[in-house]
There are 4 protein chains.
Amino acid sequence: MISLRDQAIFEAGIKLGALYHQFTGTPVSPESADSLERAIEESIRNQPYVESIKVRIDREVLKKNINRFGYAELNGLMLEVELLVKVGDVRVHARMRVVDGYPLMSLERVD
Amino acid sequence: MISLRDQAIFEAGIKLGALYHQFTGTPVSPESADSLERAIEESIRNQPYVESIKVRIDREVLKKNINRFGYAELNGLMLEVELLVKVGDVRVHARMRVVDGYPLMSLERVD
Amino acid sequence: MISLRDQAIFEAGIKLGALYHQFTGTPVSPESADSLERAIEESIRNQPYVESIKVRIDREVLKKNINRFGYAELNGLMLEVELLVKVGDVRVHARMRVVDGYPLMSLERVD
Amino acid sequence: MISLRDQAIFEAGIKLGALYHQFTGTPVSPESADSLERAIEESIRNQPYVESIKVRIDREVLKKNINRFGYAELNGLMLEVELLVKVGDVRVHARMRVVDGYPLMSLERVD
């Protein structure tokens, strides 16, 4: 049996996997990071069951990745995401952040 | 509390979201569909917790999408995916296929 | 011999190919199209030799592509791009737009 | 005036930009690198004006990028591409390779 809880968790995973592989590789600089954060949030918010999403590009990590042309490519080490997905009355809080030097997607809480 | 079942379902969602947004848009023709299917399978199989994956590009839908240059861009209407993810001793079967004219990712079974 | 003109034209091609394959597939709706246009422009403007870029997502085509969940995936039929690249004193105007039902990238003028 | 030479160079740029932004980010390991090289070659060969393409994933760089899960994400430092584009009777040889620690796309020769 697949429960609403199962479905909500599955949807949260889909969103984080999608976000990561759609947007990593995007050219980004300190000047353009704001508009990219907003565009990712507004884009993913279009998808079904997304209640809210907060995307932050870590400016310190971004600066360390800047090439001689003055920009970086968005990667997992720069990305912080907080996601709330709702299916039926089940709310799933998931996130992406760097843990022990690796970008990690994790389930935080299911209400 | 987050169970192994929850984690396994979350991982299955991540993989399908990642696959979709990494590979859609890829130029593909009847001649190159085989190598793309294999490359997607071998690529996603690298990811943690993936036990097996089968990717099929629907040749009929592919042909309908071919442009005047003789190729198409991979899209969700062409993609069929069967995925088995295992976390601890929990096995999650998930898939992607077209339902009612839309590509749909779904949880099939959790053992 | 590779001239500055050659290099500038090559760079213009790189930018359009990059933009297309980075951003197509992005979930987009009438509500989020503005932020995506701005983010694409600001992102590509980071790349070397880009003098200016204007991105427009055709709202009529977007609306025709909206799925039952209320959004579409960005595709070439929605995208209009005007790009100006400069290498040395050579300026290349290139664009992407739909011609005869297909997205077409073209060189417009070299000064 | 836009010459055949101009057009051929523009097309070569488009192909390299497209390849880079379509395929970087793909999960890859020493075991799956072969199938990914073939799939990229066969995919890009579908595009108009491509006469030949050779893609190599540098196994040494790949190994240095492997994460604790045993795979890496394809990036520009691993990618070597040799491309031949033909428009009319103009042949453009272009390539992508690492120069001074950065992935560089370059025009090699126009015949």
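Any Cβ shown, glycine's included, is placed from N, Cα and C.
Per TrEMBL, domain 'Dihydroneopterin aldolase MtpD C-terminal' is recorded for A:5-108.
Marked as substrate binding site by TrEMBL: A:GLU11, A:MET105. A:GLU11 (substrate binding site) carries a helical DSSP state (H, G or I). Other C-beta atoms found within 10 angstroms of the C-beta of A:GLU11 (substrate binding site) number 26, with every protein chain shown included.
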Message = So if I measure Cβ to Cβ from A:MET105 (substrate binding site) and keep only same-chain residues at least 6 apart in sequence, which ones fall under 8 Å?
response = A:GLY13, A:LEU16, A:GLY17, A:TYR20, A:ALA94, A:ARG95, A:MET96
Request  = For the domain 'Dihydroneopterin aldolase MtpD C-terminal' (A:5-108), jot down how many residues DSSP puts in helix, in strand and in coil.
outcome  = 37 helix, 38 strand, 29 coil
